[in-house]
Amino acid sequence: MVKNKAFFGQIMEERDNPAFFKILRREDHSTEMMRMIPHHLIRSISDKSSSFKMVLRVPWGRSWQVKISKNPNFHYMEDRGWNQFVNDNGLGENEYLTFTHEANMCFNVTIFEADGTEMLRPRKTITSSSGRNKREERKSIYKDVKKEEEIESWSESSHPCHKTAESTSGRLTQKQELNLRKKEADKTEKSKTSKKKKVETVSNDSEAGTSSLIPEFKLTIKKSHLLFLGIPKKFVDMHMPTETTMFKIHYPRGKKSWDVTYVVTDVQSRFSGGWSRLAKELGLLVGDVCTFKLIKPTEMRVKVSKE
């Protein structure tokens, strides 16, 4: 029935009207190849009905107009209209779509979920502005992230002059600065006490002939941590690589592991590529407490406590 096993734009024969299918994957649903329209389908439509636009219509009555362009090799749907269609329907999770040409470049689109269930009505979470809402939500998260980075960068600095913090954030109020100074003073005092206890512990371990403690750090999950995870500066300085490195993070309780890219930056080194997937599959929520233990130079073990 299908000429080859690719995931995009293949012609479907053995039916009255020309049709093709696509499987939408998150990583490539907006690429030019994914937006390709099979050459055989274009040829099967008469010149009178073809145009530089097509209409995508779903079973519950909504439709989207998408412009068509052509490169030296094939015709394809332009990204603006295609992405609007994908975003409005919340697609990109391995859905199977069939496109059947009815007339005048109007295509009936049938959508099947990854489990094979046909979508006969819009998802409850989807509205006409879902694409815009997602972009606004992501923009809001990044604003929160930037603010957190500015505050953390200032509070972690050992320079006594607060002008550095002012030039970094530019928006911190006097009250926030006073609070940060107080927190920094408390942090310094706790750090001295912690270092003293650590020296005593390591000393006792040495006397007892045991190995040194496994390096670890603990973080309470914030909103930004669902996208990427900033590593505490002191832990970075003492234990982490000085260049971008691939880490493997293990979750012994679920017997799972993930490959995550550790990115080194001037502001804050962090787990980036692969981290959001880990956070999603672990079901991390704001307020959860995660403990990370460095078991090998590029491997960590994570423990999650639900608060």
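Cβ atoms are placed via backbone N, Cα and C, with glycine included.
Record features, source Swiss-Prot:
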DNA_BIND  20-115  DNA-binding region
REGION    122-141  region 'Disordered'
REGION    151-209  region 'Disordered'
COMPBIAS  166-177  compositional bias 'Polar residues'
COMPBIAS  178-192  compositional bias 'Basic and acidic residues'
DNA_BIND  214-307  DNA-binding region
DSSP residue counts for the DNA-binding region (20-115), split into helix, strand and coil: 16 helix, 42 strand, 38 coil
Secondary structure content of the DNA-binding region (214-307), with strand meaning DSSP E or B: 21 helix, 39 strand, 34 coil
Predicted model, mean pLDDT over the DNA-binding region (20-115): 86
